[in-house]
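Here is what Swiss-Prot records for this protein:
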TOPO_DOM  1-35  topological domain 'Extracellular'
CARBOHYD  N7  N-linked glycosylation site
CARBOHYD  N13  N-linked glycosylation site
TRANSMEM  36-56  transmembrane segment
TOPO_DOM  57-68  topological domain 'Cytoplasmic'
TRANSMEM  69-89  transmembrane segment
TOPO_DOM  90-106  topological domain 'Extracellular'
DISULFID  C104-C182  disulfide bond
TRANSMEM  107-127  transmembrane segment
TOPO_DOM  128-149  topological domain 'Cytoplasmic'
TRANSMEM  150-170  transmembrane segment
TOPO_DOM  171-196  topological domain 'Extracellular'
TRANSMEM  197-217  transmembrane segment
TOPO_DOM  218-399  topological domain 'Cytoplasmic'
REGION    244-338  region 'Disordered'
COMPBIAS  250-288  compositional bias 'Basic and acidic residues'
COMPBIAS  318-338  compositional bias 'Basic and acidic residues'
TRANSMEM  400-420  transmembrane segment
TOPO_DOM  421-433  topological domain 'Extracellular'
TRANSMEM  434-454  transmembrane segment
TOPO_DOM  455-508  topological domain 'Cytoplasmic'
COMPBIAS  476-485  compositional bias 'Basic and acidic residues'
REGION    476-508  region 'Disordered'
Amino acid sequence: MTSTCTNSTRESNSSHTCMPLSKMPISLAHGIIRSTVLVIFLAASFVGNIVLALVLQRKPQLLQVTNRFIFNLLVTDLLQISLVAPWVVATSVPLFWPLNSHFCTALVSLTHLFAFASVNTIVVVSVDRYLSIIHPLSYPSKMTQRRGYLLLYGTWIVAILQSTPPLYGWGQAAFDERNALCSMIWGASPSYTILSVVSFIVIPLIVMIACYSVVFCAARRQHALLYNVKRHSLEVRVKDCVENEDEEGAEKKEEFQDESEFRRQHEGEVKAKEGRMEAKDGSLKAKEGSTGTSESSVEARGSEEVRESSTVASDGSMEGKEGSTKVEENSMKADKGRTEVNQCSIDLGEDDMEFGEDDINFSEDDVEAVNIPESLPPSRRNSNSNPPLPRCYQCKAAKVIFIIIFSYVLSLGPYCFLAVLAVWVDVETQVPQWVITIIIWLFFLQCCIHPYVYGYMHKTIKKEIQDMLKKFFCKEKPPKEDSHPDLPGTEGGTEGKIVPSYDSATFP
């Protein structure tokens, strides 16, 4: 690289050293942008951690063993953003470092202390969740309050052992004027670099992947079991609905048959009575008809016409009954058709949607899977094969695990990669300044991610946070004095009455 100093500059300013372009400090605009983004991250992290800490402190029942680990994680983040981050923001201004190199070493050690404490806590949380899900019966006896506190103390003790070697000579820290950052000189001590990288990302990633892989498999099996149980309950429900509809249809048919038989008997009796009456009338007329046979014959013909008309009327009534029977049969068929349609669109209520867990939901495809299609061959209809497990049962656990691991790698992965790269490459001159700035942002981004990943994704904690924010921002207004005009003591209740005031009682 060429030097920024010319011969004339060297002669006139012999006391100033020449600085190559590769070691030029960051510009003022670069420093302002870095500081602004850091301040935004720190403000978001401060608010998120404080709100979550207040929720955990307000509800003592939430401070179980697992949530105590989460609370310890919040403490490490708050210490990081309150004791370390302000100095990082201050040093982002070009050519500004107010203190000596010893303070720089102490600042790097303090940064690593809180970072290692955070990493160790995340590892403990992973193991704790593994034990609580895979061994739920023995978990209370294994993870007692005493062991929980011992693990918390252990995270800080191990973090102190991991972060303090630069203070007694194992590793070296200095202020990087080019990148405006107080950082480790990783190439000066490769052994400490290897120890830091293994402690930062290798061991934690192995533990997290191992624990959460087993947890994911267990969650998948549990969801599959719950899905099969719900599927069986849906089958039973469909069968019960069909049986009830069939029973109601059979009862309606029996009632209709009884009514039709009763009507037929009643009509037969009526016709028999009418025939008897007509026979009596005919005999009377025959006795009285000595004057002429023509009248009796005419009357006989009239009786026959009456009988024919009654027969036609009875036939019409029978046709009407048959028509009503057909209408009722059509209505029964329509009811059966509705029953068959309803089998494919069962209305699932809240009790059906929740079975042991809140996330078990059945879509229309799942409900249709309960009904075996009639078009399939009998070999497939009688098979015991279950429908494939819906994706929603697997994506929930996979999403949570992915967010946990990805956020961890995103925050500390670039920092560890830079440390390994510094063993072979001169980071101060070869790595672009914007890359260093992005790595700094990602390093402090974990303080913003931890409250969301380990706090707000928990349903109980999320509900408590929402309740607290509602009480804080939506305060209930006190009732007005005239809201109850009929009660004594209010303006409406004291109208037209003399009520002595406090002043009149104490002063003449």
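Heads up, the Cβ atoms here are built off N, Cα and C, so glycines get one too.
Since the structure is predicted, the reported quantities are computational estimates derived from the model, not experimental observations.
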Query = Residues sitting near the transmembrane segment (197-217): Cβ under 8 Å, six or more positions beyond its termini, same chain?
reply = 115-116, 119, 122-123, 126-127, 129-130, 133-134, 162, 397-398, 401, 404-405, 408-409, 412-413, 415-416, 419-420
Key: Long-range Cβ neighbours of the topological domain 'Extracellular' (421-433) (under 8 Å; 6 or more residues past either end)   = 22-23, 26, 30, 176, 178-179, 185-187, 190, 193
Ask   = By a simple count, how many Cβ atoms lie within 10 Å of the Cβ of C182 (disulfide bond), its own Cβ left out?
value = 23
Query = Which residues of the same chain, at least 6 past either end of the topological domain 'Extracellular' (171-196), have a Cβ under 8 Å from a Cβ in it?
reply = 22-26, 31, 34, 87-88, 91-97, 101, 104-105, 107-109, 112, 162, 165, 416, 418-420, 422-424, 426-429, 433, 436-437, 440
Inquiry  = Averaging the per-residue pLDDT over the topological domain 'Cytoplasmic' (218-399), what integer do you get?
reply    = 54
Long-range neighbours of the topological domain 'Cytoplasmic' (128-149), counting only residues six or more past its ends (CB under 8 A) = 65-66, 68-69, 211-212, 214-215, 218-219
Query = In the same chain, which residue numbers or ranges, 6 or more beyond the ends of the topological domain 'Cytoplasmic' (57-68), come under 8 angstroms Cβ to Cβ?
reply = 125, 128-129, 132, 143-145, 148-149, 152, 460-461, 464, 468
